[in-house]
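Colleague: This is the structure I want to talk about, given as structure tokens.
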Amino acid sequence: MSAIISTQPYLCQFNQRGHDENGLCLGPTDDVQGGITAAMPGGSWLGALVSGIVSDAFGRKTSIQLGAIIWIIGSVVVCASVNIPMLAIGRVINGFSVGICSAQVPVYISEISPPSKRGRLIGFQQWAITWGILIMFFICYGSSFIPGTAAFRLPWGLQAVPAVLLFLGLVFLPESPRWLAKKDRWEQAVEVLTLIHGKGDPNSPWVIRELSEIREVVEFERANADVSYFELFTPGMINRTQVGVFTQIWSQLTGMNVMMYYITYVFTMAGLSEPGTNAVLLPSGIQFVINVVMTVPALLWMDRWGRRPTLLVGAFLMCFWLCINAGLFAVYGRAPYPGEFISTAESMAVEGPPAKAIIAATYLFVASFAPTWGPVSWTYPPELFPLRLRGKAVALCTSANWAFNFALAYFVPAAFANITWRVYVIFATFCAAMFLHVFFMFPETANKPLEEIEEMFDDTKPGAIKYIGTPAWKTKNTRNLALRQERNEMLSSEEKMGVSGEHKESAA
């Protein structure tokens, strides 16, 4: 959407405000444009909530395939849109698909991944998303040179192709062994574990150990009542629920989607646009390249860094760059001249070296988000919850992401129009708040089996905090032990005690 909202074919097709003195279409009103943009995250919110029920009933793999089918339907509606209501409905349908897939893909990956590679593999999902955004942006950029409505219909139609490939590709992939075990399909669960962790050997110590842990968890959970969303808010679960939900909320409140949805507004205010042209699109596209490139360090080292340090560093750096932009716009910004910009959301104008500094700080902000909150916000929530709750819990967390995505998509154009540079101050304040929240409340989950993470939230152990468990700042990244276990190397009795009792020792 960010590559299309400033082009004349789009502005003319969905024009509500008439034309300027040069005859250029002014497009939808700011409120309506915010609503069009927000339609997709609005649908994603609902899709994410429903996904937990679908995933628990039909499987992780099947729920993702269902999401792919819904995306194809939404893409057809969007591509054929002739008015604003049709466009908004199509984007809601697309959003419903995104909600399902964004919630259940991390669950699926986390349940088939070895602990030492879990962060990297879920990070690959985020990297694939950044590639998709980048490719789609430049398809839109190339299509912007096509005259007429084909300039936006072509990219909106082409976006159905990846969904077809996703559906077909999943046909050849296994179902989650943990979901299979939960449904008493033990033979299939053993086959999948042997395939993905045992290198074809069903007697592999790692396969036997993991199967034993899964069986223990499944039997324990079966002895408990059926799962509902209300269980996520019980005293024993409320801490990890707030951590998971706020991981997704904070990832939105970083302000990254301001850069994604409305980057052309920001760069227009920094002097990179020319009325009636698509000149602003190319420099805007650079941020998507940065997003792809800077996600790579997370793929390589996120499991080595751990979740907590990555989130803390990201929050600090993003707060810094947002403060820089706020200061530059506040000190050097001026009100635009009449007719200088098309949208009222483009409410400031900056020229010269300060404008270049704003562009640089914007790029550095994206470079700070991409290796930190970008991949970790999707890796972290599935690691927090027990098997019986994981599908619904991650669905709830992801729905929080899309609820705030919806709110911000609708809020930002009006905010830029009314409070100008103070928008950056608001997001900088959020980044400072998330730094403190992560430090005091987010435990380290890297390189731990999903079943072992349960122990960190046990508030009956010595030194634990009631309703919280082991204090977050005392949890550790045990990467070396995890690597040795996966290689089926023998551990000393002290190391075995360390694996099973690390949380108790750190809390003492």
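Every residue, even glycine, has its Cβ placed from backbone N, Cα and C.
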Colleague: Looking at 469-488, 489-508, which stretch does TrEMBL describe as region 'Disordered'?
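Modeller: Result: 489-508 is the stretch TrEMBL calls region 'Disordered'.
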Colleague: Would you mind listing the long-range same-chain contacts of the transmembrane segment (393-417), meaning Cβ under 8 Å and 6+ residues beyond its ends?
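Modeller: Beyond its ends, the transmembrane segment (393-417) has Cβ neighbours at 30-31, 33-35, 37-38, 40-42, 44-53, 55, 95, 98-99, 102-104, 106-107, 229, 232, 240-241, 244-249, 251-253, 257-258, 261-262, 265, 343-348, 377, 381-382, 384-385, 423, 426.
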Colleague: Is it true that the transmembrane segment (355-373) and the transmembrane segment (249-268) have 3 or more Cβ pairs under 8 Å, skipping pairs fewer than 6 apart in sequence?
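Modeller: Yes, since the transmembrane segment (355-373) and the transmembrane segment (249-268) share at least 3 Cβ pairs closer than 8 Å, they count as touching.
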Colleague: Would you mind listing the long-range same-chain contacts of the transmembrane segment (280-300), meaning Cβ under 8 Å and 6+ residues beyond its ends?
Modeller: 2-3, 6, 119-120, 123-124, 126-127, 130-131, 133-134, 137-138, 140-141, 144, 259, 263-264, 267-268, 272-274, 310, 359, 362-363, 366-367, 369-372, 374-376
Colleague: For the transmembrane segment (423-442), what are the same-chain contacts with Cβ under 8 Å, counting residues 6+ beyond its ends?
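Modeller: Distal contacts: 239, 242-243, 246-247, 250, 253-255, 258, 307-308, 311-312, 315-316, 318-319, 322-323, 325-326, 329, 380, 412, 415-416, 468, 472-473.
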